[in-house]
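Here the structure comes first, spelled out in structure tokens, and everything after it is commentary.
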Amino acid sequence: MERTSEEGIRAGSDRPSARFRAARTEKRDGSPHANLWSSTAISRGLAIVAAAGVTLRLVRYLTDRPLWGDEAMIAVNVLGRGFAELAGPLAFFQVAPIGFLGMERAAVEWLGASTWSLRLAPTLCAVASVPLFCRVAQRAVGGLPALLAAAVFAVSFAPIRHGGEVKPYAFDLLAALVLLALALEWLRRPEPERSRSLWGLVLAAPIAMACSHPSAFVAGGIALALSPMVWTQARREPGRGTIRAWLVYLAMVPIAFSALYLLSTGAQSRAVGTTYRQGYWADEFPPLDNPIRLIGWLVATHAGAAFGYPIGGERGASLVSSALAMVGIATLLRKGRGGLVALLLAPIGLTLLAAFLGRYPYGGSARTMQHAAPALCLLIGVGGGALIDQVSDTRRRRLALRLAMAGLGLVGAVIAVGDLAMPYRTISDQRSRDFARWFWPEVSRGAEVGCARAMRGTTFDGYYWRIGRLELYLSYRALYLPDGRDPARPRLDLVSEDRPLRVVVYNDDPGEDAELSAWLDGLGRRFRLRDVREYPVNQGVFDSGMSREERFLVFEYVPAEAPGDEPTTPLTLGRRNSPGRGPSVASSGAR
């Protein structure tokens, strides 16, 4: 039997299971939209789409892009802490779920410290989400809407990009999909199998919330959406196991949320305070003090980057995808699928409520809204299918479908080519990684290595992390400094003429920092300064209005030749071109 978009939506009816099965087998041979595409062709198309989506995510992973600032902030914590320490407040004002951090740390422990191991778990989540979404789409809406939704999801830029980052966003998406899939199974299955899906939710919800903060919105949204239907069924069929499983689920969600908050999230949130609420994420919270601005904010947000699938952007660039989602909502409501609409929109509504309460950013960026991606792609697929169904001529309708799929395929191809041609976020990130790969093995070769800040026990002030380079310095030091080297405690007893002590000073100037200068003078009273080298990276490079220049000074010490020898530290470092392998490297020697 060949099915149209409308038939697919009917096939996914969220009414009681007996009517669901009847709707599934409903034939509409008299429809002018019949015979658009066979169910076999739809299934084949879903398989192709799934393969393409997985390929795009693997391409992103295999390009091994350099870390960028936000990734590096998480990487510093994962690389420098044990499992228990990751439950506490994180460096760089980061907030991340304990389950995600634990899996990141486990990957580093098992596979060694590398960008490959850091990105492995997010990539696996991203890859797993593609076939799971295809299954969810087929069961939720079926037919042409399922194919369109799966194609949109497979080639969407945001899930591909964030699926290859050292951030929890891929976990957010997969966790939302798992919970949504279980909730949909309850809508589809007859008794007594239906209660099994609810018990699955009981088990999955705490795990999802441990790995993804916004999964709390998804779990809570499912509770709001399904409660009326569960209660109706319980009244109609008393004595079944559904109500018992549902009550356990309703209790489990707040218990798991509270436990995780006490274990980790609360301490992280208190440490961060209002740093992001009043700073970086300020525009992602509604302006409650001005009703006119609030209306404008709501319109702009829902046509902004967070709602752009497969692509979108700010200033209304996501208007088309938002409009298709609205058409999808109207179509589902017209077909009597109000339960599905509630299931898809309730988590988004809870996220918006959290933004009004000042607890979670809404819109603005797709990364913090990845838990909404499955719902949005499903609605866009339904909306697109409804528009294609409006074409009365079968040949033109087929052409419209082919053009839509070709356009989505082109989006995926452009993303893949972009990842291969420019495997970095900015050229400054690439230069920083290239330099670090050369610098840390080179500076440690045949020497004891220490870092001035680490040896002194002092921290960098806030300016350094705001310019977005300190986190890269610390993460790359952890990745590329040979194993067993502690930059805070070099083996001073091993220092000799053949094995010097090399002290790295990052973005500090001894000529302007009296405390650093005094500390170096003290080190110079114990050792003789043999050489000073300077390595500037990203000279004159600005990104988002901020300088990306980094400056490495390496002071090389050997044992003093005689008691009382005190070499002079040069106040001004001359520069000359160096034949060294590092990019943008200049060095000078002082003996």
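Note: Cβ is positioned from N, Cα and C throughout, glycine not excepted.
Per TrEMBL, these features apply:
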type	residues	note
COMPBIAS	1-31	compositional bias 'Basic and acidic residues'
REGION	1-33	region 'Disordered'
REGION	561-591	region 'Disordered'
TRANSMEM	141-160	transmembrane segment
TRANSMEM	166-187	transmembrane segment
TRANSMEM	199-226	transmembrane segment
TRANSMEM	246-263	transmembrane segment
TRANSMEM	340-362	transmembrane segment
TRANSMEM	368-388	transmembrane segment
TRANSMEM	400-422	transmembrane segment
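Contacts between the transmembrane segment (199-226) and the transmembrane segment (340-362): present, as 3 or more C-beta pairs lie under 8 angstroms, all at sequence separation of six or more.
If you look at the transmembrane segment (166-187) against the transmembrane segment (340-362), you find at least three C-beta pairs under 8 angstroms, all six or more positions apart, and that counts as contact. Only pairs six or more apart in sequence are counted, and the transmembrane segment (400-422) with the transmembrane segment (340-362) gives fewer than three Cβ pairs under 8 Å, not enough to call it a contact.
Between the transmembrane segment (340-362) and the stretches 141-160, 246-263, 368-388, it is 368-388 that has the most C-beta pairs under 8 angstroms. Beyond the ends of the transmembrane segment (246-263), by six or more residues, the same chain brings 87, 97-98, 198-199, 201-202, 205-206, 209-210, 216, 219-220, 223, 226-227, 230, 234 to within a C-beta distance below 8 angstroms of the stretch.
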